[in-house]
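J.: Copying in the features that Swiss-Prot gives for the protein in this structure:
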- Ser98: active site, phosphoserine intermediate (ACT_SITE)
- Ser98, Asp245, Asp247, Asp249: Mg(2+) binding site (BINDING)
Amino acid sequence: MKKLTCFKAYDIRGKLGEELNEDIAWRIGRAYGEFLKPKTIVLGGDVRLTSETLKLALAKGLQDAGVDVLDIGMSGTEEIYFATFHLGVDGGIEVTASHNPMDYNGMKLVREGARPISGDTGLRDVQRLAEANDFPPVDETKRGRYQQINLRDAYVDHLFGYINVKNLTPLKLVINSGNGAAGPVVDAIEARFKALGAPVELIKVHNTPDGNFPNGIPNPLLPECRDDTRNAVIKHGADMGIAFDGDFDRCFLFDEKGQFIEGYYIVGLLAEAFLEKNPGAKIIHDPRLSWNTVDVVTAAGGTPVMSKTGHAFIKERMRKEDAIYGGEMSAHHYFRDFAYCDSGMIPWLLVAELVCLKDKTLGELVRDRMAAFPASGEINSKLAQPVEAINRVEQHFSREALAVDRTDGISMTFADWRFNLRTSNTEPVVRLNVESRGDVPLMEARTRTLLTLLNE
């Protein structure tokens, strides 16, 4: 029995041909069907050149297991989340490799209610069945049906439920879809703005879906992927820039000067927006950078709740706490009314509304927060002995620390600064985040000390 290395901690990702092909996709579909025994599943795929063939092989596997398949076509991951909870079906699968290299593809799996299927919630079971490849013969009388459907209008209806269009004042927004799956959704949102008479102008960059990615793999988390958005904001004198990754489950924002705004500060903005409409609500945040979020949420009368990093953990904690919103510094934003799932479209709509309501630019909205809690940004270090390196750091600071937290890796808090150090769930690296209370030189000095200790 050959091990399928495309099964990762949270999803499926692999090199095409070697780790993921049509046969493996069929086996995954068959395994999903045999394990969960769903009646109906929704499928979608991103813009990658292999997504359609892998999706159809996946559909065949599901149908062979007796599952009815509803194919929503080219889509972002969140459209599969939406379709799953909106239609009330038994699960969904998006074929996507998000921001991975060209020669990769993958899948994200959910069950009923768009609940994630990850390592300890069924993904290992699906893997075991797919690896064994020992399925009962196909019963043609019980074979599932295949149907193509279009849910985009219903999805856009849902998105517009988060804002009041009457609050929008004249806005010029640059939107960079990175030739990914976001383009058609941006077109649908633009049409809806026009139909509602909203004074919003969208300047669309790389809006045409193209699996060859002529302008590079869209991953605005990388500084080298930000120039086109920044330059368009400056050239057009836009109020804000928005950029997406390939399956648009992450949304990256640029201010009116084309400056990239770290996701950490957007969490605070969105928390504030929700608390204005829902006083006293709970807000989930991750432990990597937290002081700004805790400060904003507390001042606005909400309750901040810390969760381990990662979509499966955040979603689970949000359900447990009945939190209205959860945010990670990695530009993943989760919404209770979106079945506790992450969306890349809801955040920029909310921020656009907030800019209008506050009558301030995005830069003005975040400037004070960035000054109050300056952060290093996430710094990745490849280390031969990561556990020993983390222990070395802990021993060095143990006497000085006012508090130590192990929700995710190790967080150590001091009077005027704090840091979080954790190993990656997906890569052989250690990730460091440092922040201070309004003291940039202190934050930078402590960051240098930590990096020196890690690399000794």
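Count begins at 1; order follows the chain as displayed.
Any Cβ shown, glycine's included, is placed from N, Cα and C.
I'd like these features described in context: how deep, what's nearby, how far apart.
T.: Note: Ser98 (active site, phosphoserine intermediate) has non-local neighbours Asp46, Thr77, Gly106, Asp245, Gly246, Asp247, Asp249, i.e. same-chain residues 6+ apart with C-beta under 8 A of its own C-beta.
Using a 10 Å radius centred on the Cβ of Asp245 (Mg(2+) binding site) and all shown protein chains, the other Cβ atoms total 29. For the recorded site, Asp245 (Mg(2+) binding site), the DSSP three-state label reads coil.
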J.: Identify, among the binding-site residues Asp247, Asp249, the residue whose Cβ has the fewest other Cβ atoms within 10 Å in this structure.
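T.: Sparsest of the binding-site residues Asp247, Asp249 by Cβ contacts within 10 Å: Asp249.
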